[in-house]
Ligand SMILES: Nc1nc2c(ncn2[C@@H]2O[C@H](COP(=O)(O)OP(=O)(O)OP(=O)(O)O)[C@@H](O)[C@H]2O)c(=O)[nH]1
């Protein structure tokens, strides 16, 4: 097919503005899937994604559309992840397209991720088609939202499509706009192969399936391809397209989107953003924008039952097959024994991996509080990357510490400006900018330490704005901070897995809160447990868990056997996530207590 009949596009939207629903409607309208095949939200394939209603992995699908001009077009829809953890993946998906549908909820208007995504799309020079979705809602205000898009983003909305992905209004209009406005891809079939990897997944039979957008040349089975960032070579076994199920084709040519399989064993060799070329006739230069993804958040994962260590390692190995951004290495904790230090792109990524380990591999895990990477400059000139508070050098050895900061953009109704500012100041934020989107909503920009964001910024932002605030953030670099390590001692013994790094000004407060919280969380045991919070040798807070007096069954008066059994069950359930640390039994919540304060 000549490229004048190809359109490559993606949908960008804030979470819940209707991206998946719209994708479904486009699939349905173009007959890509029959009604019977049509499962709800086919583009979000993983169960977890579906449950949480968020898109994690980019997916792609080819639609065939016969336009009003009588011509048939091949439309490649590349889905983008809708969460701030996956910005880099979003940017690679955008780089594979010539255009984007900008979906904005007609009742909500522009939100933080709308802006973040639209700026990414503009960076890639994409043609943007504004789609005002959910116009079926009684609270829809399409004209107001159009104005917002013009004022804030500076896009012309005179021919924005008014749509309802739910009822099907505007779907044909969207398809026509894609054909008319989005430019066809360039590129020549005779040039050396140059293809962008925008995603990949591991298949037990075929090896890694690499999702590519071909920019120049062609790729077909039998060719030897080379990945430019890793310099790895493989012989292509299959190429194909997404309908949305994988369907083999003879070759993929310049302008097209599809998959390549080449008996690749490890997703690490097929990095998102890398360029694929012909090993025998390589392209001169890789496509721009490749970046190695590095984790932002680390935590310790320990099996509750130490005999599960090997199972945990195998499970991590398996998850890693499909997720090149997950990193881990063995770690030992005096308190928790043998486990792994794992790095994630962000908190959502961390949650998803933990949940998959527990659900799919049936593991009971203790996870320690997440930490960012601190750059520790020692007095002897050495610079350390510390992702685990327990490994922090002693105060005497430290010259200074840098911590990662983000630029956080919050969009809220006027009434909540005060609440957002108060919270952001408390989180050590530096005010940068405030801009009115219209008469009722404001965009506020702060620079905030990433560690404060991962503590509980988002939860507290949501609760202090009754759910109205939206947040997006991006890393801006490492800056000097006055940080100290806060240790927790139980029964006079420091518990390494409970150590946290905090700002000096907040250390006393956080120490007291943490000790108090732990007193509430740690169940009474047969003996008294003193809890101390300390900085270096200085104890700054002390609490005590008093010894247990009553037997749980005492309440039952020996009578009702079912009730007794229930209580015992409940007690067993509660025990499941307990870890014996020295002589004290600690529940999972204890390790996360730092996140649940203030
Ligand atoms: N009334 C109405 N509801 C809609 C419309 N489009 C989507 N929704 C609803 O809005 C909610 C979110 O839609 P999704 O399609 O899951 O949103 P999304 O943008 O894909 O969300 P992520 O996958 O998390 O990025 C769902 O409950 C949809 O049923 C619409 O046109 N009208």
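Cβ coordinates come from backbone N, Cα and C, glycine included.
TrEMBL has this to say about the protein:
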DOMAIN    4-186  domain 'Tr-type G'
BINDING   16, 17, 18, 19, 20, 21, 133, 134, 135, 136  GTP binding site
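Per the record's binding annotation for GTP, residues 16, 17, 18, 19, 20, 21, 133, 134, 135, 136 show a top Cα-Cα distance of 17 Å. The DSSP secondary structure for residue 20 (GTP binding site) is helix. Here the binding-site residues are 20, 133, and the one ringed by the most other CB atoms within 10 angstroms is 133. Taking all protein chains in view, 17 other C-beta atoms sit within 10 angstroms of the C-beta of residue 16 (GTP binding site).
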